[in-house]
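Written out below as structure tokens is the structure these notes cover.
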Amino acid sequence: MSSSLGKEKDSKEKDPKVPSAKEREKEAKASGGFGKESKEKEPKTKGKDAKDGKKESSAAQPGVAFSVDNTIKRPNPALGTRKKSSNAEVTKELNKCREENSMRLDLSKRSIHILPPSVKELTQLTELYLYSNKLQSLPAEVGCLVNLMTLALSENSLTSLPDSLDNLKKLRMLDLRHNKLREIPSVVYRLDSLTTLYLRFNRITAVEKDVRNLPRLSTLSIRENKIKQLPAEIGELCNLITLDVAHNQLEHLPKEIGNCTQITNLDLQHNELLDLPDTIGNLSSLNRLGLRYNRLSAIPRSLAKCSALEELNLENNNISTLPESLLSSLVKLNSLTLARNCFQLYPVGGPSQFSTIYSLNMEHNRINKIPFGIFSRAKVLSKLNMKDNQLTSLPLDFGTWTSMVELNLATNQLTKIPEDVSGLVSLEVLILSNNLLKKLPHGLGNLRKLRELDLEENKLESLPNEIAYLKDLQKLVLTNNQLTTLPRGIGHLTNLTHLGLGENLLTHLPEEIGTLENLEELYLNDNPNLHSLPFELALCSKLSIMSIENCPLSHLPPQIVAGGPSFIIQFLKMQGPYRAMV
């Protein structure tokens, strides 16, 4: 008797490497919880129309690493609808703006096809928002708005801009994201007061040498285009703080990039970079460097001079080693992602290289050993992801990792967990799925802060009674093991919301399961020896997902099973000693 009332997700997919970074981008999954890529933010609008914005979807894959934009956020859409404005209505808005002498006009999300030429009369405007319309061109009259400082044109169908815009001598922010530009309009290079320029998600193939004419530029975002190279003149942008060239087709960077010494955020992820210039070491203000999903095989030693660096993401390249003592030189580094590379050993440099690291992700490499003492100075290390490596054991000083909060050791070849796991008193998340564990240490019960314990796909035949001490546990995954029984102490886990017991050899469930008052998801599927459910299960009033497929539950009528958890609980109440609760 079976029921498809809910299944646990399989999180064990591996992401094979292939030569092309673009192909790897499609296949590889991001590391959960480590180094997520964030969305580029939107320009802010104010006033009564501020709820009519539109959220921009992220082109990035799941996890981690980061977007380096330092932008301002635009409003959320009102009820997800687009305002439809006739020409008369738009003209009315323009007239109102003129009469009230408003300095700000928001015509975003109005399905506007053509902006009336009468806009030229609004010479007092300093902010004009036209994003998320259907504009294919701008009237030349926009060039009359000589006081304009902000012009937001994202999410239209613009293919060019009128030359008259070069009259906008005060323009500081220009947003052209999500249009149909095949090149950066020549007039843009003449807007020498620009400090912020957004060109994300167009069809731009090149940045011209004329970019040197934008000396005040502090933020330049040209991610998600088709740019194959940057001109040497990019090095003349001495005020540049944020440079986002992610999701393009770059193979090299000009050495002149080293002249942009004010850069703090540099996002180069999802390109085809084969190397980095030594001059990158000149970026003494660099705070975040995103290089994930490229084709790098080495990192220049000069990067050690970027002493302000806090986040370094090298995920999914072809790197097998780092320059010796590189990490020790990066004295402010707190987040390091080396996932999906070719490391067989930990980076050379000794314990001091991890003294400032908060999060270390080395998922999907070929490491077979964590060196003894490597984390002896890692007093702030809270997140360690060693998923999908070749570990067969853990170091003898494993129990000294007292600052660890999240530890992922999934998809290795571990046969045992040391008893001194009891020393990891700060641990909240422990992932041990897809290993070769036959039993768990009694010291596990000392992890009183544990919220999530994942032991899926091991060879466990029983659980220690000490598991009853994990009273903060919310998620316990024991799927695909060899369990025949559960300890009665399972009933002490009253904060449990998710319990995965599918694909085991359970013969029964303890009646104490009825004390799991917060249980919402229970997976019992594929237990061939489970013939009945305890009446106490009826006490789990919050249960909303229950999988019992491929279990020979002969006492449950098929129509009850088909009705889902609420029917099953009702049936157990009627048939058992809890019928008074019906």
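Every residue gets a Cβ built from N, Cα and C, even glycine.
The model shown is predicted, which means the values in this text are computed figures rather than measured ones.
Under the heading region 'Disordered', Swiss-Prot lists 1-90.
Within the repeat 'LRR 4' (170-191), the DSSP-based counts of helix, strand and coil residues read 5 helix, 3 strand, 14 coil. The annotation repeat 'LRR 4' is assigned in Swiss-Prot to 170-191 on the grounds of similarity to another entry.
Within the chain carrying the repeat 'LRR 6' (216-237), a Cβ under 8 angstroms from the stretch's Cβ atoms is held by residues 40, 59, 67, 69-71, 177, 192-210, 243-260, 262, 267, all 6 or more beyond its ends. Marked as repeat 'LRR 6' by Swiss-Prot: 216-237.
Counted with DSSP, the repeat 'LRR 7' (239-260) comes out as 5 helix, 3 strand, 14 coil. The repeat 'LRR 7' annotation in Swiss-Prot covers 239-260 and is backed by similarity to another entry.
The repeat 'LRR 9' annotation in Swiss-Prot covers 285-307. When pLDDT values are averaged over the repeat 'LRR 9' (285-307), the model yields 98.
Among the features that Swiss-Prot reports, repeat 'LRR 10' is placed at 308-329, with the record citing similarity to another entry.
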